[in-house]
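Data first, discussion second: the structure below is written as structure tokens.
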Amino acid sequence: MAPADVPASLPLGLCLLLASGFGHAGKLLVVPMDGSHWFTMQMVVEKLLPKGHEVVVVVPEVSWQLGKPLNFTVKTYSVSHTQEDLNREFKFFIDSQWKTQQESGVLPLLTSPAQGFFELLFSHCRSLFKDKKLVEYLKQSSFDAVFLDPFDVCGLTVAKYFSLPSVVFSRGIFCHYLEEGSQCPSPPSYVPRPILKLTDTMTFKERVWNLLSYMGEHAFCPSFFKTATDIASEVLQTPVTMTDLFSPVSVWLLRTDFTLELPRPVMPNVIHIGGINCHQRKPVSKEFEAYVNASGEHGIVVFSLGSMVSEIPEKKAMEIAEALGRIPQTLLWRYTGTRPSNLAKNTILVKWLPQNDLLGHPKARAFITHSGSHGIYEGICNGVPMVMMPLFGDQMDNAKRMETRGAGVTLNVLEMTADDLENALKTVINNKSYKENIMRLSSLHKDRPIEPLDLAVFWVEYVMRHKGAPHLRPAAHDLTWYQYHSLDVIGFLLAIVLTVVFIVYKSCAYGCRKCFGGKGRVKKSHKSKTH
């Protein structure tokens with residue numbers, strides 16, 4: 001028992017402090033994805049550094065965010081394209097989204113202008129393995145694990161090439177590779193396929209469409225990832241599929257949770273860390289505090305379409321500006337395009353804004369978002385109702401989830417008018433049910449035993465300490481498709497049943513012939529004798 005003048009928590013805290021000092025300091029290889037994907041992945045990496053781990057991040061020389069000064073070792077490799085090529089391909093993809101709204105389902109995405117952008121990303125892996133000096137360095141470094149974003153596939157190839165346990169960090173994976181790689185059951189009867197904008201209560205027609213989409217993914221996704229698998233096969237010197245690359249993953253860290261996601265079965269090595277990006281809110285700067293204070297009793301509306309979309313076609317920008325000018329709130333709009341000529345006095349354009357910090361301010365009334373997972377979770381964490389303008393990818397599903405839960409209104413950004421946006425904003429601001437619903441979601445999301453960032457760090461360290469997590473790997477990985485569905489067992493049992501039925505039938509037929517066939521012949525012979 002602790003002395004009276006010593007706080008009761010001190011001995012426990014001292015023990016934990018001493019125990020942490022004897023923790024395993026490992027060596028982690030990180031293969032990240034550029035853009036907003038890197039923002040939250042970097043949080044995990046930086047949280048690992050004070051624990052004594054050595055972190056090496058491998059990045060291409062050409063990137064948007066990865067080339068910025070970092071607090072850990074960075075190894076770069078040259079690529080065959082320039083920054084202008086990367087910007088051009090991405091701009092081409094983004095511009096196409098402002099011309100035609102992406103149709104529901106993965107298949108339209110596979111045939112969209114995104115193909116050229118992905119081909120550029122996939123080519124990074126060939127460039128990495130052409131750098132023999134870098135490959136030799138990685139080989140000699142004796143890493144404990146690979147921490148990777150699977151979006152460009154290269155991290156999976158790196159893990160397999162060096163035979164290292166891997167931790168995937170992702171929002172999700174379009175196509176069926178998440179289910180096949182993790183072996184999480186995904187019955188199309190109630191688990192909607194990505195980007196279909198469906199819920200788990202589907203009509204018969206929706207279930208038909210969901211199943212067809214599932215079958216279509218198996219037919220067309222391999223061709224979309226052909227460049228990536230060709231490069232992986234070339235590097236590994238053996239033919240591989242996407243499933244071959246995903247199957248060895250030790251732990252899956254998914255940036256979602258069941259506050260947003262629909263309930264579904266998961267495996268023990270699938271860990272949900274939704275809201276990892278909004279764990280810590282800071283006071284807003286003096287500049288933004290001045291904007292907020294000047295808003296008066298009406299408060300502010302935060303408007304951002306994400307870090308990768310900061311310009312909008314002029315006509316659409318003017319429609320948006322007109323709608324924003326009709327509401328009494330102060331609008332803080334992250335926008336770097338041409339200033340709309342009709343911009344109202346209540347709308348302030350900024351090149352960057354502290355989104356999470358502003359949403360956490362008591363005067364935040366609404367959030368206009370493109371429905372990316374980072375923004376959606378910041379809205380949930382801070383309890384701010386949303387007006388959602390999804391453009392592509394998982395944004396469609398995110399918006400549908402929030403709208404279904406009564407926490408926001410979804411608009412078709414290409415077809416909406418100034419009146420539509422005005423009405424949507426007034427609805428989520430003035431209708432109390434939206435605020436109540438988002439606060440309920442916020443309460444559910446925050447009611448957890450451990451912060452998502454700490455949970456992510458724990459599992460990365462876990463894989464490093466134990467050199468993987470094979471005990472969490474389901475045996476389904478080792479079964480063929482017909483064994484997984486017990487078709488061989490069903491066939492065997494069916495064969496037994498049919499054999500028994502056949503034997504019984506033949507026995508009965510034989511018995512009948514013996515019993516009745518013989519009597520018939522006797523009677524017949526008897527009649528012939530009398531004649």
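Note that Cβ sites are derived from N, Cα and C of the backbone, with glycine treated the same way.
In Swiss-Prot this protein carries:
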type     : residues : note
CARBOHYD : Asn71    : N-linked glycosylation site
CARBOHYD : Asn293   : N-linked glycosylation site
CARBOHYD : Asn431   : N-linked glycosylation site
SIGNAL   : 1-25     : signal peptide
TRANSMEM : 487-503  : transmembrane segment
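This view paints the features noted in Swiss-Prot onto the structure.
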residue	record	Cβ neighbours (10 Å)
Asn71	N-linked glycosylation site	10
Asn293	N-linked glycosylation site	11
Asn431	N-linked glycosylation site	14
Quick one: Cα separation, Asn71 (N-linked glycosylation site) versus Asn293 (N-linked glycosylation site), in Å?
36
Name the secondary structure element type, per DSSP in three states, that contains Asn431 (N-linked glycosylation site).
coil
What does DSSP assign Asn71 (N-linked glycosylation site), in three states?
coil
Give the distance between the Cα atoms of Asn431 (N-linked glycosylation site) and Asn293 (N-linked glycosylation site), rounded to the nearest whole Å.
24
